Amino acid sequence: MKPLGTPLSPDATRVMLLGSGELGKEVLIALQRLGVETIAVDRYDNAPGQQVAHQSHTIAMSDPAALRTLIEAERPDLVVPEIEAIATQTLEALEAEGVVRVIPTARATRLTMDREGIRRLAAETLGLPTSPYRFCDSLAELQAAIDGADGQPAIGYPCIVKPVMSSSGKGQSKIDGPADVQAAWDYAMVGGRVSNGRVIVEGFIDFDYEITQLTVRALGADGQVETHFCDPIGHVQVRGDYVESWQPHPMQPAALALSRHIARTVTDNLGGQGLFGVELFVKGDLVWFSEVSPRPHDTGMVTMITQWQNEFELHARAILGLPVSTALKSPGASAVIYGGVDAPGVVYDGVDEALRVPNSEIRLFGKPESFERRRMGVALVHDADVDVARTQAKLAAGKVKARPA
């Protein structure tokens with residue numbers, strides 16, 4: 001990278017985020033604290049990140065022509081994808097043409113944009129342990145994959161069905177028996193980010209717990225990329241959507257070592273610089289790869305209260321070629337604050353009560369419209385005892401209520 005400049009000047013270091021939700025908003029703030037000029041892009045106006053960026057644009061980021069036009073007009077030093085629904089072939093072309101550098105790389109963005117690319121990389125190319133899986137394009141194919149057909153072993157019941165492209169658990173469900181298959185297929189069709197009718201069905205792993213292993217690829221003093229690991233983050237998901245997380249999650253040494261081996265293997269292959277959220281299932285000393293995001297992870301919001309450098313600051317530092325530290329400041333936990341109502345421009349009651357919970361912090365994301373199950377904020381609590389922090393974070397989150405203005 002060139003030396004950091006001054007925002008809104010000819011020498012500014014300019015970074016464009018594609019996707020400006022709550023995670024992107026925190027990345028933008030971290031970049032601005034390092035003197036970076038920021039450009040926030042999203043598919044709807046007044047997205048959280050657009051509210052804090054120097055400049056903002058609203059486009060369909062999956063439209064190749066619109067995306068190319070915007071990037072060529074703005075000419076940022078870095079493009080940082082923060083969501084999956086992006087015209088990744090356009091990013092690959094622009095990177096190959098030398099127009100822009102994509103974080104971590106355009107290839108990594110393409111491979112992780114949907115579950116098929118990254119699952120085939122992890123299981124078939126890298127040989128990492130995963131759940132058994134099939135990709136299906138119809139209800140009939142889904143049923144055949146579960147039952148076993150064409151010489152393929154049956155996925156069986158129970159199993160998990162997900163759209164190949166979705167976020168926050170949308171379209172994901174568990175199938176316990178034949179009576180659930182039709183409903184799971186229908187839910188996947190309405191929950192995907194694109195309407196291509198393709199799903200992944202996975203055999204169910206009876207894991208003890210699941211973690212996110214935040215993994216940072218950053219330049220060392222010698223200019224070579226080094227890999228850093230945050231303490232493991234435990235989390236609870238409901239239908240694939242993050243509900244609460246905590247750090248550190250206790251792990252046996254063998255399981256922790258295997259988790260980090262898997263995380264290093266997949267992130268080394270994806271390459272580039274930045275923070276990756278690697279999701280893993282753990283049972284005893286066995287570990288299975290689930291997914292990876294080449295960007296800050298929703299379960300990693302807990303690091304805003306647990307680490308000296310949170311996941312957003314780590315991402316910002318790493319992509320700018322700056323030193324990083326993954327040191328833990330205090331154990332802690334996070335719990336989601338839901339909208340609870342369907343309404344635009346809500347107001348929040350109970351914030352004062354939430355902040356009376358000892359060692360608590362609240363982040364309200366500023367989303368312009370609330371839905372009943374939309375993530376509108378997060379409660380954060382630090383405590384020497386992680387279990388206490390979890391209880392207190394959920395207590396604080398439950399005190400914040402959105403209502404129509």
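Indices start at 1 and increase along the chain as displayed.
Heads up, the Cβ atoms here are built off N, Cα and C, so glycines get one too.
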- Note on the structure: Given that Swiss-Prot records Glu22, Leu23, Asp298, Lys367, Arg374, Arg375 as binding N(1)-(5-phospho-beta-D-ribosyl)glycinamide, the matching residue among Glu82, Glu84, Glu92, Glu244 is Glu82
- Reduced DSSP state (H/G/I helix, E/B strand, rest coil) at Lys367 (N(1)-(5-phospho-beta-D-ribosyl)glycinamide binding site) is coil
- Relative to the Cβ of Glu22 (N(1)-(5-phospho-beta-D-ribosyl)glycinamide binding site), which residues of the same chain, six or more apart in sequence, are found under 8 Å away? Pro48, Met301, Arg363, Phe365, Lys367, Arg375, Val378
- For Glu210 (ATP binding site), list the number of other Cβ atoms lying within 10 Å of its Cβ atom. 19
- Message: Could you check which of the binding-site residues Leu23, Glu82, Glu279, Asp298, Arg374 is the closest Cα neighbour of Phe204 (ATP binding site)?
- Response: Glu279
- When the number of other CB atoms within 10 A of each residue's CB is tallied over all shown chains, which of the binding-site residues Glu82, Glu202, Glu279, Asp298 has the maximum? Glu82
- Taking only the CA atoms, the spacing between Leu23 (N(1)-(5-phospho-beta-D-ribosyl)glycinamide binding site) and Ser167 (ATP binding site), expressed in whole angstrom, is 13
- Query: Given Gly171 (ATP binding site) and Glu82 (N(1)-(5-phospho-beta-D-ribosyl)glycinamide binding site), what distance in Å do their CA atoms have, once rounded to a whole number?
  - Reply: 20
